[in-house]
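The structure under discussion appears below in the form of structure tokens.
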Amino acid sequence: MANMPGITGQCFSFSTSVTTQCYSSPTKKKTPKEKAATLSSCQVGLLIFTLYCGSFLVALDASVVSNAVPKITSEFASLAHFTWYHVGYLHSLGPLQPIFARVCRVANPKIVYMGCLFVLEVGSIVCAASHSSRVFIAGRFIAGVGAAGVFHAAIAIINKTIRLESRRHCIGIVNSAGAVAACAGPIFAGLFVDHATWRWAFWINVPTGFLVLFLVLCIPQPPQPTWQKETFGSMTWKQRIQVVDPIGWIFMVGASMCSTLPGTFGTPWPDETVPYVLLATAPLLTYVYIYWSQQWHGRDAVMPKWLFRERSAFVCALFSIFIASAESIQICYLPFFFQAAREISATRSGLWCLVFFFPKAGFAIITGVLVNKFGTVRLQMILGAAVATIGSMMAMILMFFDIDPDIVRVAPLVVGIGLGLATNLPYIVAITTLPQERIAAALVSLQFCYHFGSILYLGVAQLTFVDKLKNFVETLTPTTSMEAVFHAGAANLRGLAHGSEDTYQLLRQVYLSALAYTLYVPAICVAVALGVAFIVQDRSYLRVPKERRNRNPMDFKV
């Protein structure tokens, strides 16, 4: 799922207890009005079931696309643009999440939840009905907008309706839907691609989504807490603009666009100076955004100035940026290996992708258990990054030498184990080493860095893949033009070979070699993450004072 990493298991005993800082209040006695609004057991069950279904829908929309991409590239003749099917979603999801976190603190979370879910449905409809690659990408952008707000609205609903002692468990249940959907999405997509059409992978979201919307209507209205002195409706227009921050959003999206466009354009630029201008503009816009956010939001800034001076927060942000590459590139390119280079059906491809998702989810749970037991964080970060580095190098070598696919599957298994051990740990480091008043801002910053790392290195991987694909096509199959390769897509290599088995084998080797070189990117990134892990502050979670871990989080106002 394109949501906050760490979506399973006991790791939530750390993350969810601090997530509530964005929405909760100091412990106070309930007023008679608030006591009257307390939910019954049946209402709590309906609430959690509804929010679970909504989170599952969002995660399914994010995970279903990867296994359908090879077929989509063949239908739309859009091999040059396929990375945008992932990046377009993240370009909306990443920058908007901090905004929705602020909105949910002052607005009615039920209305925000329904609005975001409706936007997600619109995006799914656009994707399902699209007849060109550009329309499909637009649908992914729209879906990302909706997905960005569902998580924060769900957390806000829980924190305003569920007792404090039960919130952590409820949030863990709701977010565990992401792990289930991450495993189910590729399988659903494969079944639809093989036995119907890939469009059903998006059409299926429509009736399910509107059913969830109906269930949300049945949820009692969350009461306004007594500590919440102002709401979105009572704010002036200036205060509302400060919460939504459209100018900051433009800077943030502009910076991420400029950093990824040079690598995801897919075809040579008409003017070779354009990508260099874009790359030079990206850090400038990033600096402008950081300065703007700090001046406009103060301590609620997405990238506050203290983040660059605080060793723990800055190192964890770097770790999140680099470790994100391994997950995003594996998810994006594994179906290409199975379906294009190995001519495996989309259904089997989805099943084989589980060798990456299952260990990642399982070892995320083990990470929570180990930290609860021993309190060590730094050692696990080093171990996880090292295992992910070994797995990435294994995948690169095995693909390059065209090893049997049953053996190649070991590589994503190893990468999944490493990511499961390491991905959640930056959040735990932030919780255990930062002052209480800075934890909420640090978690938002880490989440943004994770998405930004995914966007950035997907662009680098696309640039590498297209460049190597072009080189190997010219070397191994000089009679085949690059335009024909782009037009055929990844699921039609036999059609591109025109019945020639020799040409088909050469084209298959072209894809294998290009994929092997592409996997240099995550291998290098996780190796850098391994180096970063060595300078993480070594502090045990068990040393954090008990009263700090169990204390009701502070209220951070806009």
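Just so you know, glycine gets a Cβ as well, placed from its N, Cα and C.
Heads up, TrEMBL stuff is auto-annotated, nobody curated it.
The following features are taken from TrEMBL:
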type	residues	note
TRANSMEM	36-60	transmembrane segment
DOMAIN	47-541	domain 'Major facilitator superfamily (MFS) profile'
TRANSMEM	137-158	transmembrane segment
TRANSMEM	170-192	transmembrane segment
TRANSMEM	198-220	transmembrane segment
TRANSMEM	241-262	transmembrane segment
TRANSMEM	274-292	transmembrane segment
TRANSMEM	313-337	transmembrane segment
TRANSMEM	349-370	transmembrane segment
TRANSMEM	382-401	transmembrane segment
TRANSMEM	407-427	transmembrane segment
TRANSMEM	439-460	transmembrane segment
TRANSMEM	514-536	transmembrane segment
>> If you count every Cβ pair below 8 Å, which range out of 36-60, 137-158, 170-192, 274-292, 514-536 shares the most with the transmembrane segment (313-337)?
In response: 514-536
>> What residues elsewhere in the chain lie close to the transmembrane segment (382-401), defined as a C-beta under 8 angstroms and at least 6 residues from its ends?
In response: 319, 323, 326, 330, 337, 341, 367, 407-408, 410-423, 425, 512-513, 515-517, 519-520, 522-523, 526-527, 529-530, 532-534
> Looking only at residues six or more beyond either end of the transmembrane segment (407-427), which have a C-beta under 8 A from one in the stretch?
Replying inline: 5-6, 11, 14-15, 18, 316-317, 319-320, 323, 326-327, 330, 334, 337, 352-353, 355-364, 366-368, 371, 377, 380-381, 383-392, 394-395, 398-399, 443, 446, 522, 526, 529, 533
> Out of 36-60, 137-158, 170-192, 349-370, 439-460, which stretch has the largest tally of CB pairs under 8 angstroms to the transmembrane segment (198-220)?
Replying inline: 36-60
>> Pairs 6 or more apart in sequence, C-beta under 8 angstroms, 3 or more of them: is that satisfied by the transmembrane segment (439-460) and the transmembrane segment (349-370)?
In response: no
> So what's the average pLDDT for the domain 'Major facilitator superfamily (MFS) profile' (47-541)?
Replying inline: 83
